[in-house]
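K.L.:
If you scroll down you'll find the structure; I have some questions about it.
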Amino acid sequence: MSPILEIRNVTKKFGGLTANNDISFDVAPGEILSVIGPNGAGKSTLFKQIAGFEKPTTGEVRFKGERISGLAPHRVARLGVVRTFQETTIFRSMTVRENVIVSHHLRSRASLLGYFLGTATARADEAEFARSADEIIDFLGLGAIRDELASNLPQGHLRALGMAIGLATQPQVILLDEPFAGMNHDETMRMVALVRRLRDERGVTVLLVEHDMPAVMKISDRIVCINFGEKIAEGSPAEIQANPRVIEAYLGSEDAAIGM
Amino acid sequence: MQNQPHAAPLAAGKGLTMPKMLGVAAFLAFVFAAVPMFIAATGRWDFYYTLTSVALLSIGAAGVWLTFYIGRINIGQGAYALAGGYVSAVLITQAGVSFWLTLPLAGLFCALISVLIGLPILRLRGVYFAMVTLVLTEVARLTALALPVTNGAKGITSIPLPGGVSVFGITLIPDFATLQNPRQAFYFAAIGLMILVYVILWRIVNSRLGHLCRSLQQNEELSASIGVNTAWLRIMAYAISSFFGGVAGAMFVSISQSIYPSSFVVQDSVNFMLYCFLGGLGYVFGPMLGTLLLYFGWDLLSVAGKYQLLIYSGAMITLMLVLPNGVLSLFDRKGGGK
């Protein structure tokens, strides 16, 4: 099967600092792939380049064979690669439902003028967005809080809302930035199940950056480990756990960090 | 108009419900019937001029409010009011174009230059954008001083009153010069224009367009990652905002029949912003109410003589501290939202 996403020799420099150095790997359709690495290894920078928020200094990112690195974020999103955010970024003063409805932007068929005038297409769009938003909200189990203001939500719900926003765009590849951060064990396990369902029921390819090693080992089909901006290992969770370079990267806290 | 009978119901939510329609009807009856009757009864004809000014300023403020709605502090509306005024004045005096045609042309001209100006500066956020817009008004004034077509410091004077408009021999708008009371005619024209502008604004905010603007205001990065072309949306909103500014400026010029580089200065730009703050940034009709309150508030305070500015500024600061979401938040029982 040809890869849905190809990361090809991506290098990113900020002045004298090399955040990513010649990173390459493929993501297969329907895969759950985690990118791990110690703090400051360059994981988020890599994500930003995939989603179009940063342009690689050299190298490129291809989606279904088409180059997407260097495109504006909204163009990348339009193609089907959507990023959720590390800092639980949501539209704070909208309700959960409004958040999800507004995020259906990519599916709109009416023009902005059409929305202003309230044409038949625009009204059909709005009805469809509302229906789809309710469906996504139910899928993620957010039904009870759909009319709650987003700024009032606890951490776990915010994370799910971020995912709902991502799903509303109907992505083919979703980039989850630390979906389990700050969660207790139960919340993490619920989230792991959710991410699985995302892939199994909706066919979304999932790429995630994460620190929570037990969760990563549990959820991932494959793992890419980077350290100091370079890829040091790639493989199945079992291979990664046994990889001496990975252990070295987490040295000093290897048992705790790798979670075994 | 002081009571703003429509404000509370319209601020509450979206969709046209019964109380809202009643509120709108009451507002229309008030501005088109009650105010003229009151003025005719008391003989205070100067009120027409005051209320006309309020209506026109609130059109400019509506534009500023829209830029606030996408998360930008706009202190440059005076520049577009000035530009719109000059476009109208030049077209009338030098090309003999009908005033009514110059009105949309002035708006379009401002929208166009705002696109050119907005392309680079709308990337800026927060105080940086605010500073650049603040400078814009001064740039506009200096440009008006320097350009030959604007006649420098002498300005353009003796601009004829708006002519009539008739279609197939039916007079739609009478020639203002033949009217015995052009003040009243200007009042009706300004109020009509204001209502049109606020209907447009209300529609923008309550359509999906408004939701996208809110998404931009709350988080531009997330907005981009759900596929919104944020740069394009910002430019659109800024262009509409400047269109309103240009139209307001053009109408002002036709009333005063003259325009100078100092017709709109930095103080006016700041005022446009204050009207929005005072009325409430979360409410479509906030700038309208804010303009009314500030304009009349300033006039009423003239009884305080030399303490006028002190009391006025003190009241402004207090209001912003006590009602950070504007006066209209008093009527909003839900707390927050539109």
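Each residue's number is its place along the chain shown, starting with 1.
Using the three backbone atoms N, Cα and C, a Cβ is placed for every residue, glycine included.
So TrEMBL lists the following for this protein:
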- B:21-41: transmembrane segment (TRANSMEM)
- B:47-71: transmembrane segment (TRANSMEM)
- B:78-97: transmembrane segment (TRANSMEM)
- B:103-122: transmembrane segment (TRANSMEM)
- B:129-149: transmembrane segment (TRANSMEM)
- B:185-205: transmembrane segment (TRANSMEM)
- B:235-260: transmembrane segment (TRANSMEM)
- B:272-298: transmembrane segment (TRANSMEM)
- B:310-331: transmembrane segment (TRANSMEM)
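What does the local environment look like for each feature on the list?
P.N.:
Distant neighbours of the transmembrane segment (B:47-71): 1, 35, 38-39, 77, 80-81, 125, 183-184, 186-187, 190-191, 193-194, 197-198, 201, 204-205, 210, 213-214, 216-218, 220, 233-234, 237-238, 240-245, 247-249, 251-252, 255, 271-273, 275-276, 279, 281, 284, 286-288, 290-292, 295-296, 299; these residues of the same chain sit at least 6 beyond its ends, with a Cβ under 8 Å from one of its Cβ atoms.
Away from its own ends, the transmembrane segment (B:103-122) comes close to residues 72, 80, 83-85, 87-88, 91, 97, 129, 132-133, 136, 231, 234-235, 238-247, 249-251 of its chain (Cβ-Cβ under 8 Å, at least six residues beyond either end).
For the transmembrane segment (B:185-205), the list of distant contacts is 10, 28, 31-32, 35-36, 48-49, 51-52, 55-56, 58-59, 62, 65-66, 69, 162, 173-174, 176, 179, 213, 240, 244, 247, 251, 254-255, 284-285, 288, 338: same-chain residues at least six beyond its ends, Cβ to Cβ under 8 Å.
Among residues of the same chain six or more beyond the transmembrane segment (B:235-260), those with a C-beta under 8 A of the stretch's C-beta atoms are 49, 52-53, 56-57, 59-60, 62-64, 66-67, 69-70, 72, 74, 77-89, 92, 99, 102-104, 106-115, 118-119, 122, 144, 153-162, 186, 189-190, 193, 197, 204, 213, 272.
Within the chain, the transmembrane segment (B:310-331) has long-range Cβ neighbours (under 8 A, six or more residues past its boundaries) at 7-8, 11-12, 274, 277-283, 285-286, 289-290, 293, 297-298, 301, 304.
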